[in-house]
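Student: Sharing a structure here in structure tokens format.
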Amino acid sequence: MDESNSQFEKRKRDHIRIALDPRSQTDGQNGLDSITLIHEALPDLNFKEVDISTSFFFSGESIPLSSPIFISSMTAGHEKGREINEALARLSDRRQILMGVGSQRRELEDSNAAEEWARVRKQAPKARLLGNIGIAQLIKSPIDKIRRLIDSTEAVALFVHLNPLQEALQPEGTTDFKNGLAAIENLVKLAGVPVIVKETGCGFSVDTLKRLSSTGIYGVDVSGKGGTHWGRVEGYRSEESDMLYHVAQTFANWGISTKQSMLNAIDARVEYQLWASGGVRNGLEIGKLMALGASKVGVAKPFLEAALQGDEALEKLLTQLETELKVTMFCTGSRNLKDLQSKKVIQ
């Protein structure tokens, strides 16, 4: 179903409003509470030596990053979203972390929408941005249009998000996912930047992770259940008298947890990079996911909340997350991220 610009902007405003509503959250369902990291009472290192720096490496180019934490995709394509993205991009610029932008779907049909990123880039010329398009749009769009999305953000990589539940529950949803695997494979060949496939809060099965191995993608962000549930978000956009409201209630806890999605990736023995997100709320959870094999870990809702408060709140949040990660590493005897990923720290 086609929608006007005003309808699109209202939908995106609804998404922000409802994503901040506790009813949209599957708190406590990411599975990470059941993981215990082994405490090291006598770490052979100085806390000041703990190093959380990393990089984004592709085709011989290495982009330095201050930490493995990335800002997970939330919103784009409307005035409030622009303000949020400007604040997040400034943080990415200042602190050298990756930032996933919200869906760039609108830019496929509205060339003026790309101006949002030109304004963002003026404020944050060194922001490390990750472009973002949905699989349903990728399937139907010529590759030159997708490349324009990448160019508009000057993205270092492109997320392709998979969101079947959200699309099925969205009145304006696009639910034709046929030939999606072939579309991803074609994109990998022609995009010119790394392609990372992500879910949007419902996670991945072993089978899907194995199927993606044939496409040549750079990585997968498992984006499991445990945080903002976009099925719930779409349900709460509907009136209680609407059928879709009640259908969404049926699927309010649908999905594979973040922890289980990571375990599924281990079982699938994938060779592409594993990133993780989905209900991540603190640096200890980031450490747990790194120990499970994640090379980057995304945080969404906390960054959205902080962005609405301003730059100082964003700085405080990121500093806290990074400090919690460092404490996790110190107390497991991990000098750097490689140590954390390679040690048997899971009990």
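Glycine too: its Cβ is placed from the backbone N, Cα and C atoms.
The substrate binding site annotation in Swiss-Prot covers Arg11, Lys12, Ser103, Gln104, Arg105, Gln166 and rests on sequence analysis. According to Swiss-Prot, the FMN binding site annotation covers Ser72, Ser73, Met74, Thr75, Ser103, Asn132, Lys198, Ser223, Thr228, Gly279, Val280, Arg281, Ala300, Lys301. Annotation comment: Swiss-Prot describes Glu167 as Mg(2+) binding site, evidence class sequence analysis. The annotation compositional bias 'Basic and acidic residues' is assigned in Swiss-Prot to 8-20. As annotated by Swiss-Prot, region 'Disordered' applies to 1-31.
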Student: For the compositional bias 'Basic and acidic residues' (8-20), jot down how many residues DSSP puts in helix, in strand and in coil.
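Tutor: Residue counts in helix, strand and coil order: 12 helix, 0 strand, 1 coil.
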Student: Determine, to the nearest whole angstrom, how far the Cα atom of Gln104 (substrate binding site) is from the Cα atom of Val280 (FMN binding site).
Tutor: 24
Student: Using a 10 Å cut-off on CB atoms, tell me which of the binding-site residues Arg11, Lys12, Arg105, Lys198 is the least crowded.
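Tutor: Comparing Cβ neighbours within 10 Å for the binding-site residues Arg11, Lys12, Arg105, Lys198, Arg11 has the fewest.
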Student: In three-state terms from DSSP, label Glu167 (Mg(2+) binding site) for me.
Tutor: helix
Student: Among the binding-site residues Met74, Val280, Ala300, which residue has the largest number of other Cβ atoms within 10 Å of its own Cβ?
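Tutor: Counting every other Cβ within 10 Å of each candidate, the maximum falls on Val280.
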Student: List the Cα distance (Å, whole number) between Thr228 (FMN binding site) and Gln166 (substrate binding site).
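Tutor: About 12 Å separates the two Cα atoms.
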Student: Per residue, counting other C-beta atoms within 10 angstroms of the C-beta, which of the binding-site residues Ser72, Ser103, Gln166 reaches the highest number?
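Tutor: Going through Ser72, Ser103, Gln166 one by one, the largest Cβ count within 10 Å is at Ser72.
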Student: If you count the C-beta atoms lying within 10 Å of each candidate's C-beta, which of the binding-site residues Gln104, Thr228 ends up with the smallest number?
Tutor: Thr228
